[in-house]
């Protein structure tokens with residue numbers, strides 16, 4: 001029995017250490033298979049010896065008996081809210097108030113304002129005891145069993161320098177990937193979708209059945225200490241130092257926390273986080289700015305229900321209510337018919353929005369939306385604005401159903417919807433003017449043939465004036481014909497014709513991407529080019545051959561097979577080749593020459609000796625995958641001049657970093 005007890009103790013300790021490395025350090029220390037082997041062994045031992053199960057065992061996060069209701073908990077110390085500022089002028093006023101009341105220039109601790117649910121977690125002698133929601137600030141709901149299921153929250157504190165009684169405050173969030181997965185599962189079951197990750201986190205945390213909470217992949221970030229007893233316990237003299245103490249005790253703390261010594265640094269931090277907002281793993285709605293010195297915090301005190309020493313600098317709102325005035329139907333380059341909501345203009349996400357996507361007929365039905373409804377519009381970063389919900393109680397009696405068209409609104413061809421697909425498509429192909437325009441815009445775009453000066457308006461005029469009907473027609477244009485376009489003189493026309501001529505020299509990958517085959521993006525086009533080497537092999541391939549290509553699944557293989565089986569598509573391809581579009585032959589590369597195969601690289605900053613696209617292509621030619629963001633799976637970051645947050649994150653994760661000269665050495669095989 002003693003040996004079993006020791007093994008359980010050892011497994012619990014080892015697994016908790018692995019959890020810490022994974023959730024707090026973001027640096028997994030063992031493969032998933034090894035972790036699964038260890039935890040399965042622990043589950044087996046605990047099942048056979050339940051009396052030996054330890055309170056901090058990672059197996060105790062699966063959820064327990066469902067509750068009838070939530071009990072109330074009175075907070076040992078009120079959980080206050082923060083005042084907000086919405087502009088630089090308002091922040092300047094906050095800074096002036098702080099400076100006037102402190103004896104020295106304050107240093108601020110800045111961190112992302114997480115958009116989740118605030119919770120209080122209590123530990124006694126280093127062991128998890130209870131958790132509560134913020135509630136009204138004085139009284140919250142007892143969510144002890146639900147919080148226990150969150151893997152990133154320690155059930156037993158690390159180290160030994162923690163106080164006998166410790167209250168930790170932080171935000172429970174649902175990571176974006178977990179939110180997408182949750183809604184995908186709900187959609188597959190025909191269940192109601194969550195509007196945003198915050199609602200999903202709140203709904204998951206308030207489940208009476210903690211097993212449901214355990215299934216929701218919630219996360220947690222600590223942002224403050226609450227009650228500490230004894231009060232004389234030695235703690236950091238600054239907020240940032242206290243956050244680092246929390247991290248040492250096993251709590252996740254945002255890697256974006258930063259000390260800022262003056263107004264400019266704070267504003268730069270705000271601008272940087274706002275710019276990178278969409279790349280973060282979690283939703284945020286601003287930054288929290290706190291006076292770092294605990295002494296100064298005590299000196300400044302509180303006003304009403306908020307501290308004087310902190311504020312939330314909010315981002316422009318991402319969701320607003322407005323009126324749905326009508327619906328138009330747009331046709332894309334692949335024939336997809338998309339309903340677009342015409343809205344009463346509303347300022348959201350930093351811009352005025354008057355149109356938003358409704359995605360497809362299924363989404364219209366799911367929302368239950370009608371023309372005349374008051375709707376909630378969301379705009380996040382560069383994402384196209386979308387209608388995410390209706391305000392049912394504001395629906396007027398005159399609201400009208402939205403009728404999806406049976407024929408194309410542009411060419412009057414039949415609209416068809418393939419079984420199993422959400423998107424309805426016009427069957428007109430290049431006969432459809434809308435598809436023709438979008439197809440040629442795509443073909444001439446920067447990532448395809450990169451025709452310099454061939455903007456959307458030029459393409460639209462070329463088609464409207466019947467100068468171009470297919471991509472190959474671009475290469476037959478003359479300068480005199482181009483002068484028929486608005487604001488196009490002979491000099492500009494000659495320059496554009498020269499740019500079109502230059503675009504004939506391309507790469508096989510760019511050519512394939514430019515064809516606009518459904519779901520064939522840049523990376524897939526490059527993989528297809530590297531696999532087949534030439535056009536004839538590609539055109540004669542079947543689905544079984546396509547599926548052998550990296551990143552090509554059954555659906556993309558089906559799209560490729562269908563595309564090259566259509567005579568009119570083959571005619572488009574052949575006409576382009578006959579018009580003079582060509583590319584260098586791709587030589588067979590020996591396996592041993594793919595020195596970076598299986599590696600993930602990221603480029604950041606400005607490269608001065610090498611074009612970024614060339615660098616990307618050369619890395620891919622050596623077998624590397626070139627990603628857009630740094631993660632624990634990144635093998636190497638190339639940092640050019642003025643490298644920013646990606647470099648910082650790579651250094652935090654211990655990712656190998658090369659400068660441009662280092663990259664050139666790798667490409668040269670040194």
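The backbone N, Cα and C atoms fix where each Cβ goes, and this holds for glycine too.
Annotated in Swiss-Prot:
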ACT_SITE  113  active site, N6-AMP-lysine intermediate
BINDING   32, 33, 34, 35, 36, 81, 82, 111, 134, 171, 290, 314  NAD(+) binding site
BINDING   408, 411, 426, 432  Zn(2+) binding site
DOMAIN    591-670  domain 'BRCT'
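Using CA atoms as reference points, the recorded positions 34, 82, 113, 290 were checked against residue 432 (Zn(2+) binding site), and the closest is 113. Excluding 408, 411, 426, 432, which define the Zn(2+) site, the same chain contributes 331, 335, 407, 409, 410, 412, 413, 415, 427, 428, 431, 433, 434, 435 within 8 Å (Cβ to the Cβ centroid), listed in sequence order. In the three-state DSSP classification, residue 34 (NAD(+) binding site) falls within a helix.
When the alpha carbons of residue 34 (NAD(+) binding site) and residue 113 (active site, N6-AMP-lysine intermediate) are compared, the span between them is 35 angstrom. Other C-beta atoms found within 10 angstroms of the C-beta of residue 432 (Zn(2+) binding site) number 21, with every protein chain shown included.
For residue 113 (active site, N6-AMP-lysine intermediate), applying a Cβ distance below 8 Å and a minimum sequence separation of six or more within one chain yields 284, 285, 286, 287, 288, 312, 313, 314. Secondary structure at residue 411 (Zn(2+) binding site), as computed by DSSP, is coil. Long-range C-beta contacts of residue 426 (Zn(2+) binding site), restricted to its own chain and to partners at least six residues apart, with a cutoff below 8 Å, comprise 331, 335, 337, 408, 410, 411, 413, 414, 415, 432, 434, 435. Taking Cβ-Cβ distances under 8 Å and a sequence gap of 6 or more within the same chain, the neighbours of residue 82 (NAD(+) binding site) are 288, 306, 307, 310, 311, 312. Note: residue 290 (NAD(+) binding site) has non-local neighbours 108, 109, 110, 111, 239, 297, 309, 310, i.e. same-chain residues 6+ apart with C-beta under 8 A of its own C-beta. Within its own chain, residue 134 (NAD(+) binding site) has 79, 117, 118, 119, 120, 140 as residues 6 or more apart in sequence whose C-beta sits under 8 angstroms from its own. A simple way to gauge crowding: the CB of residue 408 (Zn(2+) binding site) has 24 other CB atoms within 10 angstroms, across all the protein chains here.
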